[in-house]
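Asker: The feature substrate binding site is assigned by TrEMBL to B:65, B:115, B:159, B:166, B:190, B:241, B:259.
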């Protein structure tokens with residue numbers, strides 16, 4: 001994807017704009033249901049710093065589960081390989097908030113990207129940081145270059161008031177002993193974390209360190225190269241819940257989706273790309289976003305395979 | 001992995017030779033239990049034709065499930081995307097011969113590499129070829145450049161006499177209507193297919209077409225580039241049963257293991273590598289083989305991520 | 001249910017005749033689909049020998065799974081409590097031919113009335129009898145007082161040709177080692193056994209030994225009283241697949257249903273009753289039959305509770 | 001069990017006292033772990049008012065889940081058959097606090113005696129009573145003839161502080177919409193309810209209405225006879241978690257166990273019996289208690305079958 005990458009993005013955006021959007025907006029977080037379902041944007045940031053976007057690429061949206069890659073990267077940095085005693089690295093073969101495998105596996109979540117795993121990561125951060133909320137925010141501010149980024153109370157409160165499934169997950173894991181702090185504290189951090197808002201442009205910029213051997217575009221080292229590769233591998237095998245295989249199969253890039261309709265994907269040593277369209281397919285991933293990324297890799301031949 | 005690839009292989013082989021092998025030889029196919037458990041070989045074949053091996057790399061062994069990549073590639077070539085109506089492309093989160101997800105999914109196997117999926121692929125080949133056994137053998141002979149390759153009756157008979165789990169799987173899928181031919185015929189082909197024997201050298205050579213955009217080293221086109229990428233993606237997400245995530249995480253290459261202790265992996269546009277050591281870890285994958293490949297990619301930094 | 005039991009049966013039959021039959025005839029055994037769906041009969045036999053019937057109570061039908069109570073009683077007589085090492089006594093919470101719990105329980109079926117358990121019972125009989133088919137038939141002839149009773153080849157062959165799910169179950173259990181004979185032999189006996197045909201009158205007569213402390217009406221001792229009680233308990237907790245709780249709840253008698261539309265139930269020290277109507281509810285139990293029995297116990301107040 | 005019932009109880013108590021108690025005291029509710037593990041008592045109350053006990057039959061203990069029969073009987077009285085839209089009547093085939101089937105069944109618990117079902121019953125009572133805690137207590141006081149009975153704060157607080165699994169269950173069901181009130185309120189009532197303490201004598205007396213066609217020994221009508229029978233049927237099929245089949249098989253009476261080591265069982269139109277011994281078998285039921293009841297019914301031949 002050399003000089004013509006802008007054309008590829010432009011064409012993929014146009015093509016995906018034309019398909020009939022069969023997705024449905026998420027309603028289980030009441031505040032998310034207020035989003036304009038027609039929003040559609042994409043932005044790519046290359047590891048050389050050049051970047052390009054289309055549509056509503058500068059509009060902020062709730063990144064939701066996409067943040068779990070960032071919390072994982074911070075926890076992994078702190079604990080190293082020891083982290084994997086608390087959470088596994090296998091695809092779950094089940095929906096994002098399933099409790100089935102959790103029961104079989106005695107409270108060890110299948111991977112850090114399903115809700116159960118992300119909640120355990122929150123618990124790890126609380127145990128290992130002085131003030132997890134503050135320090136995690138500082139970490140994301142650094143990655144994103146957005147010094148004023150803050151949690152969205154409106155989104156977080158909306159989810160706190162209705163997130164019974166996540167309360168269930170957290171208490172269930174606690175009953176197996178794999179949550180060390182109080183469930184209410186862990187969940188409070190979890191909901192805050194998921195409430196962060198970014199635009200496609202900001203999001204693609206934020207994720208470039210994973211496409212850049214662990215360094216930000218300014219050259220600051222965030223993560224060791226080997227850890228960075230492993231997080232990318234995890235995104236590929238587990239980033240899209242029970243549609244992870246399909247995404248690897250059709251798009252062929254590591255990526256992570258969020259219930260707000262955002263998806264971020266990256267091509268190692270090359271670029272990070274973020275797309276946003278709020279309507280979701282039955283697996284909980286952005287309907288149009290999936291199509292746009294499939295277009296991009298089909299025409300650019302930029303799958304990692 | 002340029003000029004020094006031989007050294008990387010040599011060192012990884014040496015290093016893996018030194019670890020204590022905590023694996024256990026597979027005993028459920030009686031004939032496999034007769035193999036010398038100390039065998040250990042590796043061979044790499046680059047897409048430029050150069051190649052190198054260590055240990056028992058010229059010794060033939062039963063490739064078992066590794067053959068499922070080849071049967072899939074033939075079925076995919078014949079049926080195209082229609083194939084995915086019969087089998088899904090998602091990791092299973094369960095052991096290789098589990099019936100659990102099959103029941104939930106009404107007879108559609110989670111992916112073509114678990115036994116259930118490979119059995120459906122056999123059924124597809126029988127329905128679409130005049131004589132599936134003969135024509136599939138011809139296909140593998142062409143890929144491997146081994147004109148006298150044949151099924152091993154000894155291995156196949158041993159498995160036919162004891163493969164109750166696979167008989168169960170096949171009849172279970174038949175009960176959902178996703179097997180079109182008689183179960184006994186499908187299983188006969190399945191067991192024959194899994195009985196093929198190759199050395200590490202032959203196996204790495206055979207798989208180069210998947211690392212070479214679908215062409216053999218002689219330039220013969222076997223599969224379209226896009227199909228080739230998708231098979232590689234499938235190997236990455238599903239090639240190691242319920243240890244697929246771990247392999248992607250630690251090794252970072254598409255690959256496929258067999259219960260005979262063989263593993264093949266590949267780096268697109270670069271090389272295919274085959275390793276063999278009969279003792280298996282609890283997930284059914286070669287204990288030493290996994291370690292050797294981890295060594296190779298750690299030192300060569302040749303993960304796709 | 002003293003002198004007026006005939007009236008109770010008559011009224012319950014009339015009442016159940018009037019309801020709209022929302023059931024569907026079983027089609028997975030092709031030969032069963034040929035049965036006249038409007039057939040409806042009931043017959044009661046008291047432990048004092050008096051008996052009474054209504055409707056098509058003298059018409060023979062395929063008793064199917066009802067026979068599993070008889071094969072169990074023979075196996076239990078032979079092996080005693082040792083039998084329970086091969087099969088458990090717990091309700092399954094799943095459909096009659098589910099493989100789910102079987103996998104969790106390592107090949108030990110949840111109870112002797114789901115297909116998996118009945119297949120294990122067949123295996124036990126083959127191992128412990130000279131000629132299981134012949135001797136089991138003799139046993140049923142004795143219980144029923146029908147010296148010419150024979151297996152129905154037409155029904156058995158129909159099921160042998162299409163019973164893939166049962167082939168799967170038997171081979172699956174064999175793979176865990178809980179089938180000792182060849183699956184094909186076990187299944188051959190199983191399908192023959194399920195092919196027996198009786199009328200409601202004959203069936204209610206046959207089951208009186210379980211309502212009569214283990215003795216036939218002629219006073220012949222078939223089973224110890226304590227074993228008899230335990231089989232009755234099993235019928236109550238497990239006799240209706242995943243509708244067993246509902247039957248205990250609404251009818252309150254031990255019983256067993258068959259996919260041919262028959263149901264037998266009994267009130268200890270009092271009577272056995274058989275009802276037949278081929279259309280089944282979604283749980284695989286006779287739609288009208290369930291209603292009739294509910295009527296009988298509601299009006300007679302003859303539940304065991 | 002006529003005149004000699006005292007001897008039967010005496011002998012069964014003696015016999016069960018002699019067996020080696022292989023059970024383990026429940027530790028997951030910290031306060032329960034403080035109980036003297038050697039306590040062992042039994043008391044029988046016949047429907048004619050005569051009664052007899054042995055051992056620590058006058059010592060109060062935490063009745064825990066046994067109370068769920070009483071809360072069910074109150075909710076059933078209030079809502080009638082409509083109640084079964086909120087909770088099913090089938091055995092669960094799983095442990096008492098499993099979430100597996102709950103996920104499959106979309107938040108409808110399998111039966112009112114597993115924790116999930118009992119929590120839904122609490123929710124029903126809160127919705128239908130002015131002050132559920134007060135009114136339920138009044139109901140139990142009436143049944144037991146104990147006007148000063150109160151919830152045990154010590155037990156309830158102990159469970160509130162550690163009952164993460166129940167918090168998970170309640171929130172999980174809430175996420176499916178089958179809890180109408182706030183989870184914290186429902187759980188508060190649930191934990192209080194389970195904290196009630198009675199002696200074997202009091203407990204057997206309290207349960208006589210279910211053996212007495214719905215009337216207390218004083219003749220006060222508590223429940224319709226038909227509802228009473230149905231609750232007894234439910235106890236038989238679901239009263240002992242995943243050991244319900246075994247209990248029906250070996251004891252043959254409707255009953256309900258609690259994690260405090262109590263068990264109550266009853267023989268319709270005859271008696272209610274309560275036994276207490278704190279050490280539990282792996283299924284969560286009193287080890288010695290199960291043995292004692294088996295002795296009682298074996299020697300008295302008083303199974304309902």
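Placed from the backbone N, Cα and C atoms, the Cβ positions cover glycine too.
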Asker: Going by DSSP, give the three-state secondary structure for residue B:241 (substrate binding site).
Answerer: helix
Asker: Which of the three DSSP states, helix, strand or coil, fits residue B:259 (substrate binding site)?
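Answerer: The three-state answer is coil.
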Asker: Quick one: among the binding-site residues B:190, B:241, which has the most Cβ atoms sitting within 10 Å of its own Cβ?
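Answerer: Result for the most crowded candidate: B:190.
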Asker: List nothing but the largest Cα to Cα distance in Å, as a whole number, among the residues B:65, B:115, B:159, B:166, B:190, B:241, B:259 that the record says bind substrate.
Answerer: 20
Asker: Enter the number of other CB atoms within 10 angstroms of the CB of residue B:166 (substrate binding site).
Answerer: 24
Asker: When DSSP is mapped onto helix/strand/coil, what comes out for residue B:159 (substrate binding site)?
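Answerer: Assignment for residue B:159 (substrate binding site) reads helix.
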